[in-house]
Amino acid sequence: MRKKCSVCLWILVLLLSCLSGKSAYAATSTTIAKHIGNSNPLIDHHLGADPVALTYNGRVYIYMSSDDYEYNSNGTIKDNSFANLNRVFVISSADMVNWTDHGAIPVAGANGANGGRGIAKWAGASWAPSIAVKKINGKDKFFLYFANSGGGIGVLTADSPIGPWTDPIGKPLVTPSTPGMSGVVWLFDPAVFVDDDGTGYLYAGGGVPGVSNPTQGQWANPKTARVIKLGPDMTSVVGSASTIDAPFMFEDSGLHKYNGTYYYSYCINFGGTHPADKPPGEIGYMTSSSPMGPFTYRGHFLKNPGAFFGGGGNNHHAVFNFKNEWYVVYHAQTVSSALFGAGKGYRSPHINKLVHNADGSIQEVAANYAGVTQISNLNPYNRVEAETFAWNGRILTEKSTAPGGPVNNQHVTSIQNGDWIAVGNADFGAGGARSFKANVASTLGGKIEVRLDSADGKLVGTLNVPSTGGAQTWREIETAVSGATGVHKVFFVFTGTGTGNLFNFDYWQFTQR
């Protein structure tokens, strides 16, 4: 469905460009919202909302609600109704700039959702995921929590951060009837935290009581946030949930630990009269000496995304540590705004640094398009999945039949003349590269131009892609390269004369001299 919707989107872009008398593509296709040199949004070839991070084995994984464009009968874009939030998108990176697309986890399975492939057969939706890893019986086990709309929390398990996933209990983990959950207006937005002793905790909840006419007291102290202890198996709960009296609570629970202190963070609501230290739509935070609370309000650290990027909407975040640096991942309506001039409620993931002060307070985050810098160089002499890139000129990704990772290998597709992908800071070394190979599949054929630092930069090699006999008939092709030494952005520019998708692109690798 995402592929179909995305194709419809590019048709719309082409039609609009024709009406304006301008080509939708120049000699090389332009970026949408993540422009060359910037790190935000993390991706712009598809959307992703409510992001949360997991760091594992030298990579950071970002899990997101499956925002996807909805269309009116005339082909125009609707405002987001969240009807497509039944999957979880996953991307990962070792360097914070080049992101690998791992595709979608088909979470919800009720009423034939996800084409009957949905994992949680009882769930009609999968909103706002959270993720944790814990060693159980000597083996790392991964736990993906999600909200079934606003009615409860479910959990999936896997032996790797990208699956395959199963539903271990076949029902919700937490519902309104769970002890201590009474009074929660929206039982959603889970945040899971595993403490140093291996004990897990689940935070969730939101909303303001009073239905359509809350009082000032209800706006100020909704008392709709909860924390409950998880069992050793992470798929059961222990005892009763405790209330977190988060002032002006709206949604979006988060928990991180810094210097022995527990930080509960959340999105402040938009109603009533707010004091200056609790501004509407921003991320507030509280601290405690215990993961179960009580928590004390300390301040706020992330303005509503509309303050930085326009578009407004809800604010959703997660704080994480990666290679001894603290970051916050959040969403903003940047990609949809770039395409349509208005966000329409469709969101994309961003990351900026987060700083704790010496007194334990958190500095205001300066959200921006620049984002974070690349923390390590990419090794071009390793096999690199084509769906790993920092920037792109209007391509798509889709599930592949080519042999790849343990689950859900992807490839780059919807390749037209002038499209491209690029990676940041590949280190060829002093000796440089002597050859380049790629795994491709094609009915039409074309070329991959290998260029340095820009889409029209120094040409170091050209790979001719023949027809392989089909869009899923894979063949590894190799060509000589010259002049690729040192550290560079690497652009793979696609050319060809055929109509339609020129070829599919699975992976690439350089050989060292």
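Each Cβ is built from the backbone N, Cα and C atoms, and glycine gets one as well.
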Which of D453, D456, D506 belongs with E385, E387, N409, Q410 in the Ca(2+) site listed by Swiss-Prot: D506
Alpha-carbon spacing, E387 (Ca(2+) binding site) to E251 (active site, proton donor), which is rounded to whole Å: 33
Nonlocal neighbours by CB distance (under 8 Å) for E251 (active site, proton donor), same chain, sequence gap 6 or more: W186, F188, D189, G206, G207, Y266, C267, N314, H316
Residue, out of the binding-site residues N314, N409, Q410, whose Cβ gathers the largest set of other Cβ atoms within 10 Å: Q410
Nearest-integer angstrom distance between the alpha carbons (Cα) of D50 (active site, proton acceptor) and D506 (Ca(2+) binding site): 28
Candidate with sparsest Cβ neighbourhood (10 Å radius) among D50, D506, the listed recorded positions: D506
